[in-house]
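TrEMBL annotations:
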- 45-64: transmembrane segment (TRANSMEM)
- 152, 153, 154, 157, 241, 242, 243: UDP-N-acetyl-alpha-D-galactosamine binding site (BINDING)
- 241, 243: Mn(2+) binding site (BINDING)
- 333: active site, nucleophile (ACT_SITE)
């Protein structure tokens, strides 16, 4: 073969080899590219699936949160293990209708400016001049609500019962169904007080005690037991001190899921000065930086399920303290204040709703509705 032919054939042979090698390389590369593409598609599918699952989870959480009737602010394990009564269905609240009612147009530009009328958690603080009593009664009366009262007249405290009942007939939920439950160790000394239609008194016997602190401490247990026996036969319940009397209206403006009364002796004090239980060993303990208001142990209430849960929790915490040899500074009032720090009341009543007769009226107190009477504790308390 001459030189030119050898050159041409050699060139074609080398070109053919290059084409063969290129084809082999491309043949090996295609599966790798396809594998890479499959990985990308798989990643995109996994991302889409994760997004869909996230939306599904958010939907479930949204439905769950809307089913709950209230938010618990409890940050530790102070609640009882039995949590069956923690949550209430939304339908448990009354639907109030105002059809055909005539009343003065409300205003958001006028009203009380000398006091706070709403808490930081948006619960109303009830003062004179912040509500329309006729409108509220007209809204609640068609619901035919019933209200229970618990009052403890043990030992010499029986002497205050007649004045309590008589003034309650004049001012407490007048025109509504009211059932007063009197806990006493002296049932034969019960005073005779005329009760209007739809209102009655029931006596429940309790044992005497040599320590007024024990009488105070057992209140929560007895309230819990009463509510369990009532079995939702009443709509609301208020737990009030017997050594008190009514001076003015106490009515539908006070109704709420969980209702607390600001103590008249401490509402001007700073948080660190409030008489909470400060010993960390107690289940009623509140740190100096904790607490909203100091609430009365002599007046609180709300829906039966809510008050039952509060009474049960306070009782269990009190019993836990007793096992550790501790008695909170102000017995059930200390435990009540801790409970209300973690479980905010839905309505707060101003000191109008439990004033003290030995105190002069402050400028912001336009009306005293209920007050503790002046008394000699050394004479009426068994171990004062």
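Here the Cβ of each residue, glycine as well, is placed from N, Cα and C on the backbone.
Features per TrEMBL, on structure.
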residue	record	contacts (Cβ under 8 Å, 6+ apart)
152	UDP-N-acetyl-alpha-D-galactosamine binding site	183, 184, 206, 215, 219, 222, 241, 242
153	UDP-N-acetyl-alpha-D-galactosamine binding site	160, 161, 182, 183, 184, 186, 242
154	UDP-N-acetyl-alpha-D-galactosamine binding site	183, 184, 185, 186, 206, 208, 209, 215
157	UDP-N-acetyl-alpha-D-galactosamine binding site	242, 243, 380
Fewest-neighbour residue among recorded positions, criterion Cβ within 10 Å, set 241, 333: 241
Hey, what's the widest CA-to-CA gap across 152, 153, 154, 157, 241, 242, 243, the UDP-N-acetyl-alpha-D-galactosamine contacts in the record, in Å? 11
Hey, for the UDP-N-acetyl-alpha-D-galactosamine site built from 152, 153, 154, 157, 241, 242, 243, who else sits with CB inside 8 A of the CB center? 151, 158, 160, 161
